[in-house]
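Novice: Here it is, the structure, as structure tokens.
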Number of protein chains: 2
Amino acid sequence: MFSNQYMQQAYALACKANDSGEVPVGAVVVYKEKIIGAAYNQVEVAKNPLAHAEILALEQALAFTCTKYIEQCELYVTLEPCPMCAHAISLAKIKRIYFGAYDEKGGGVVHGAKIYNSSSCHHHPEIISGIMEDECSRLLKNFFNNLRR
Amino acid sequence: MFSNQYMQQAYALACKANDSGEVPVGAVVVYKEKIIGAAYNQVEVAKNPLAHAEILALEQALAFTCTKYIEQCELYVTLEPCPMCAHAISLAKIKRIYFGAYDEKGGGVVHGAKIYNSSSCHHHPEIISGIMEDECSRLLKNFFNNLRR
């Protein structure tokens, strides 16, 4: 069930990413109204281009449940997932995704590869987009504007 | 530079996966003619749907180089990467992929999402496919035939 508090948690994690010089994206995985995965982008600090918030939050949730699939979980993320994360979400059989800002350049859900529309996708999470879009989007814009200064 | 020995190594890893009841896929990452990442599918044992051979091999290679990108590396994998792995390979800026069998149902390189053809892909590795295709394909077919028995 949707609750704005979870996107606020994801947003708070995105702010932490921002403060540590990472592209500000945060994600939480929710199971029965409890957060079982919470992470922000760690690409720079981990020197790992795969360390996206969604992957890290999914890994925590999978470790927590000790199950191969987490069908009853929902994922909240401040930015439209990239194709890697979108497909990872499908592989874990996440029930529903809530995302904040749209990512025209790198997104893989409603943009680009549109992972869930392709024949290589065998589990289609429900998608609810544009939650706290303005805040999530502003955080990202400010981050990239500051980088260019 | 292509060397069949690396696909043979990836194939040997796929055989190990097979022997431990995992979908038989193996992958190696090569840097300056040295293997710096080598893994096979660990989805069942790790109860982790993201633990694909390519991801595990990439993580090892990234940890080895301590760099965010591994542009000078090549990846050998026995099966066409899925969309998650294909995009991860792009994010790590791998120079070239060699893959064995084609995956009509789950592949994301020449099938399905065709990750490298989409606008959300910003690094396009060179793709060389069909290396040791018969062996890699036969291993997978036998694995799934045995499962259905």
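Glycine residues also receive a Cβ, built from the backbone N, Cα and C atoms like all the rest.
Caution: TrEMBL annotation is automatic and unverified by curators.
Annotated active site, proton donor per TrEMBL: A:Glu54, in sequence order. Summarising the annotation, TrEMBL assigns Zn(2+) binding site to A:His52, A:Cys82, A:Cys85. Sequence annotations record features per position, and here TrEMBL assigns domain 'CMP/dCMP-type deaminase' to A:1-110.
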Novice: According to DSSP, which of helix, strand or coil covers A:Cys82 (Zn(2+) binding site)?
Specialist: coil
Novice: Who sits close to A:Cys82 (Zn(2+) binding site): which same-chain residues at least 6 apart have their Cβ under 8 Å from its Cβ?
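Specialist: Within the chain, A:Cys82 (Zn(2+) binding site) has Cβ neighbours under 8 Å at A:His52, A:Asp103, A:Gly106, A:Gly107, A:Gly108.
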Novice: I'd like the number of other C-beta atoms within 10 A of the C-beta of A:His52 (Zn(2+) binding site), please.
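Specialist: I get 27 for this one.
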Novice: Taking DSSP states H, G and I as helix and E and B as strand, how many residues of the domain 'CMP/dCMP-type deaminase' (A:1-110) are helix, strand and coil?
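Specialist: Summed over the domain 'CMP/dCMP-type deaminase' (A:1-110), the classes give 38 helix, 26 strand, 46 coil.
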Novice: Measuring CB to CB from A:Cys85 (Zn(2+) binding site), give everything in the same chain under 8 Å that is also at least six residues away in sequence.
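Specialist: The answer is A:His52, A:Glu54, A:Ile55, A:Val77, A:Gly108.
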Novice: What is the pLDDT of the domain 'CMP/dCMP-type deaminase' (A:1-110) when averaged and given as a whole number?
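Specialist: Value for the domain 'CMP/dCMP-type deaminase' (A:1-110), mean pLDDT as a whole number: 97.
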